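These notes are about the structure you will find just below.
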Amino acid sequence: MQNLGASMDNNKKFKVVIVGGSIAGLTLAHCLSKFGIDYVVLEKRREIAPQEGASVGIMPNGGRVLEQLGLFDDVERAIEPLSVAQLVYPDGFCSESEYPKKLCERFGFPLAFLDRQMLLESLYANLPDITRVKTNSAVIAVEHEDDRVRVLTTDNCSYEGHLVVGADGIHSTIRKEMWRAASSLHQGQVEDTNSMMNITYACVYGISSAHPLLKPGQQITCFNDGWSILSVVGKNGRTFWFLFLKLEREYKYNEAPKYTKEDAIANCDRLSAHTFWDTVTFGDVWSRREVFTMTPLEEGVFEQWSCGRIVCIGDSMHKFAPNIGQGANCAIEDAGELANALARIFNDREKGDGFKPSTPDLSNMLEQFQGKRISRIKALYKVARLAIRLQARDGLAMTLMGRYVMPYLGDKVADWASRDIADGAILEFLPPPERSGSGWQKYSQKSKKSNTPFILAVLAGLGFLLTMFKQQWEYHQDS
């Protein structure tokens with residue numbers, strides 16, 4: 001086996017092995033590069049940025065970190081900033097708000113949608129040294145030593161480092177290796193993926209070419225019974241769309257349905273006559289498709305993110321519905337906060353070039369990192385979980401709230417989104433961006449109450465009304 005972490009005894013620098021050339025993994029690579037920490041990225045695919053039909057939303061909290069890293073200009077050149085949000089209901093009613101424009105004014109960054117492939121290409125191409133990224137390097141095991149770890153790959157190579165970061169997605173190998181280590185070391189509770197990740201919805205996502213009646217900067221959400229469509233009209237009129245479908249039952253992680261191209265076509269054809277916007281049908285958008293894919297949507301947040309010299313970030317630790325556009329942004333934040341934690345552990349010590357944190361030092365640091373991230377992630381997970389069910393009119397309460405409350409909230413939607421954005425991570429070891437807005441301070445919830453009580457109060461009120469209605473109905477039926 002070829003040892004590509006060779007002569008580590010002579011290598012004085014602390015080294016991080018990042019597994020996964022994902023948005024989280026490549027963002028972390030940029031963060032480490034800026035701070036001067038050595039790293040290598042291992043990616044199992046042959047290429048970093050394949051075209052899979054996926055789009056990605058960059059909210060101001062993700063955009064701020066990318067701006068600090070000098071990467072947001074690439075994003076901005078590829079997007080049309082969102083300016084208007086439109087809600088469409090099955091009874092023909094429509095409502096409109098300028099909350100995307102308000103968010104940009106408050107935070108200094110637009111709501112941006114672009115091809116996921118474009119973002120990955122930018123993250124990769126702008127690395128100072130792309131030779132640190134190794135493709136065709138699928139990880140099969142992580143071995144532990146007293147002061148380091150060794151990562152073994154299918155191409156018969158091994159990579160040594162002092163910290164392994166799993167940024168390898170929902171089907172994470174590093175997560176399994178972390179739990180294997182936790183079990184053998186009796187450190188923490190080994191979590192069951194099947195109990196932590198559930199699947200209630202599927203999604204067909206795709207990109208379509210321009211339609212003359214759809215204007216760049218539109219965000220359109222179509223509410224329907226048991227399904228919904230979220231779409232964004234981007235640069236040059238290209239439409240990024242997500243068709244969400246409630247499944248016939250809830251599945252566990254290991255029961256996840258497998259979908260084919262034919263499944264996606266059948267579902268889209270079945271709903272093609274439904275209104276998309278104004279006189280445009282979903283079929284009009286679907287007929288202009290460039291790429292599309294169907295996938296189950298996992299939902300869940302893991303409790304244990306680290307063990308010893310292993311930590312996991314991004315989709316390997318949390319997965320939630322795309323409806324609020326925070327998935328990639330949370331991955332970017334994870335990378336930023338992990339880099340902050342590493343920067344603090346190095347800055348807090350009298351050190352020379354040979355300083356390397358001990359395993360207990362790293363474990364304590366990673367526990368603090370996890371504690372800081374998990375509370376924020378859980379809050380956003382709850383909002384996303386509510387959003388997908390609200391838009392798919394999942395039950396009477398969701399139907400009434402979506403139709404008779406959401407269109408009349410005015411600036412409340414922008415205020416809620418602002419509170420979700422304002423407490424996003426910022427890189428502590430780099431200057432804050434010059435472009436900014438007052439929203440970061442105004443809407444910070446670090447010393448305030450969260451949005452959740454208000455939302456729950458609305459739902460509780462609806463529940464009370466429904467109970468009263470049910471009682472009155474039963475009374476009149478009996479009389």
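Note that Cβ sites are derived from N, Cα and C of the backbone, with glycine treated the same way.
Taken from Swiss-Prot, the feature FAD binding site covers Glu43, Gly57, Arg116, Asp315, Ala328. For Gly57 (FAD binding site), other Cβ atoms within 10 Å of its Cβ number 23. In the three-state DSSP assignment, the secondary structure recorded for Gly57 (FAD binding site) is strand.
Summarising the annotation, Swiss-Prot assigns N-linked glycosylation site to Asn156 (among others). According to its DSSP assignment, Asn156 (N-linked glycosylation site) is coil.
Under the heading N-linked glycosylation site, Swiss-Prot lists Asn198 (among others), citing sequence analysis as support. Counting only same-chain residues at least 6 apart in sequence, those with a Cβ under 8 Å from the Cβ of Asn198 (N-linked glycosylation site) are Glu250, Tyr251, Lys252, Tyr253, Glu298, Glu299, Gly300.
The transmembrane segment annotation in Swiss-Prot covers 453-473 and rests on sequence analysis.
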Close in space, distant in sequence - Ala328 (FAD binding site), Cβ under 8 Å, 6 or more apart: Ile23, Val56, Gly57, Ile58, Gly62, Arg116, Leu119
Between Asn156 (N-linked glycosylation site) and Asp315 (FAD binding site), the C-alpha gap once rounded to whole angstrom: 27
Sequence-distant neighbours of Glu43 (FAD binding site) in its chain (C-beta under 8 A, six or more apart): Gly20, Gly21, Gly25, Val133, Lys134, Thr135, Asn136, Ser137
Long-range Cβ environment of Asp315 (FAD binding site), under 8 Å and at least 6 residues apart: Ser22, Ala24, Gly169, Ile170, Ser172, Gly327, Ala331
Site extent for FAD, whole Å (max Cα pair distance, Glu43, Gly57, Arg116, Asp315, Ala328): 23
